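Everything below concerns the one structure shown next.
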Amino acid sequence: MATSTRGPGPQPLEKEEDLPQDRPSGHLSVISKLCYSIGGAPNQAASSAAAFYLQLFLLDVAGIPAVQASLVVFVGKLLGAAADPAAGFIISRSPRTALGRLTPWILGCSPFLALTYFFLWFLPPIGRLQGLWYAAFYGLFQALSTDQEERDSATAYRMTMEMAGTLTGATVHGLIVAGAHKAPRCPEANLTDPLLSVASSISPHTSQLYMIAAGVIAGTYPLCTALLALGTTEEDDGYILEQRRVPFFQGLSHTLQHQPYQKLVASFLFISAAVQVQQSYLVLFCTHAAPLHSHMQNLVLLVLVAAVLSTPFWEWFLQRVGKKAVAYGIGAMVPSALLLAAVPTAPVAYAVAFVSGTSIALASLLPWSMLPDIVDDFRLHKVPLKGLETIFYSSYVFFTKLSGAGALGISTLSLEFAGYESGSCKQSDKVVIMLKVLIGAVPTSMVLIGLGILSVYPITEQRRRETAHRLDMLRREVPVCLVTQSQCSPEWSHHSDAAPSLAKARESGSQPGFCWV
């Protein structure tokens with residue numbers, strides 16, 4: 001331990017091994033990154049299966065009216081949106097245990113999450129109360145499956161593994177329930193009477209097939225959660241120069257006033273809603289608005305395979321070109337969505353599925369790569385207080401889920417106004433037109449609005465590099481002392497802006513520093 005010229009008082013720590021245990025001391029190992037990324041795979045598997053097949057299940061298998069289906073989706077997404085900031089608040093205030101703060105919550109919620117997902121695909125014998133059943137369990141599923149925060153090199157691992165989970169979930173679910181949805185065969189005499197044109201394509205074992213698919217995916221929760229808990233160790237945020245914790249609502253006010261964050265959230269409100277709408281109505285579109293019923297499973301699989309394969313490419317490309325420039329690749333969804341709605345043939349559908357998959361991968365990867373830049377920009381120019389990173393991530397998830405709730409709820413309700421008949425093997429022309437609008441015009445307009453907002457996003461590649469360099473210099477040059485709050489020297493801590501405070505300290509000839517309390 002080196003001596004200090006300050007006289008009595010806390011001594012700065014100069015050796016890495018002298019740093020407090022809560023401070024990160026190095027890079028994550030490959031095993032830790034893999035275990036961390038595996039922990040998010042079950043959520044993505046379950047979410048992808050629900051994204052592609054829940055609408056079809058609610059409308060054509062459970063047979064609930066479209067207005068009830070819209071309420072199920074809206075209430076579920078709304079509860080999920082409200083749960084994210086609430087979970088961030090509760091977890092950040094939880095005491096540290098031997099497993100950390102977050103891990104006990106993950107282990108405790110995992111069994112309930114598996115059960116809620118399983119019962120989401122169950123056909124309860126309660127008649128008209130089925131809508132309440134599905135709203136309750138979809139809401140619980142969305143509320144329990146809150147996203148985790150991550151950053152830096154773990155992003156590629158997390159995104160790749162979660163994309164693999166997305167692929168596995170939708171593929172396994174689709175293969176298992178494929179026998180429940182044969183090509184619809186409506187007798188010609190019954191086409192004019194919607195009450196007689198009830199689809200005979202639902203097999204007698206439909207409910208069992210859906211429950212088997214749900215059970216397989218739900219069974220991945222305990223396995224992957226155990227790997228997450230055994231292979232990772234929680235660490236406090238090592239990027240924070242000051243360890244004074246900010247109150248939740250005060251921190252939320254700080255984050256919402258940061259302009260780069262405002263523009264990123266506003267942009268991906270529309271882009272994420274466009275992705276959710278396109279995923280939710282692809283299967284219904286293939287079933288009722290296009291002669292693509294026999295290609296439905298293959299199209300879903302191609303979308304997900306393209307997303308998985310393109311994720312490493314996008315990760316590499318955004319490092320070479322820059323995140324803001326790469327974002328315009330999401331615009332490929334625009335012509336592909338319009339083309340599918342206008343020319344719903346098999347060759348066009350397969351080409352569109354591949355392009356849509358690559359765009360969906362970029363739309364999923366990009367915000368999680370840009371959020372750490374916003375957090376670093378905030379720390380450099382604003383108040384670097386503990387707990388703000390959790391608020392940034394949880395509030396972003398809240399707003400994107402809220403936009404998804406509104407978009408999916410309104411779009412499903414529009415099917416009710418168009419005259420959608422649950423269980424009918426042939427829908428009216430109004431329903432067909434509405435499905436084309438939902439698969440084409442709606443995602444297109446949302447993506448264009450989102451990219452327009454993102455065009456004025458202020459953090460360029462040059463600004464990002466400058467911010468990273470200045471923060472790196474601060475971490476290298478500011479000594480850290482292990483003291484209590486009462487021992488902390490007044491000139492060392494509680495600076496509202498780290499960089500100006502460091503420069504001011506240098507001009508006065510004193511040794512700048514921050515306290516590790």
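Just so it is clear, glycine is given a Cβ too, placed from its N, Cα and C backbone atoms.
When TrEMBL is compared with the stretches 23-45, 161-183, 391-413, the one noted as transmembrane segment is 391-413. Contact between the transmembrane segment (391-413) and the transmembrane segment (264-284) is supported by 3 or more Cβ pairs under 8 Å, counting only residues 6 or more apart in sequence. The transmembrane segment (264-284) shares the most Cβ pairs under 8 Å with 433-457, out of the stretches 296-318, 325-343, 349-371, 433-457. The transmembrane segment (325-343) makes no contact with the transmembrane segment (102-123): fewer than 3 of their CB pairs lie within 8 A, with pairs spaced 6 or more apart in sequence. Taking every listed stretch (102-123, 349-371, 433-457) in turn, the largest tally of C-beta pairs under 8 A with the transmembrane segment (296-318) is reached by 349-371.
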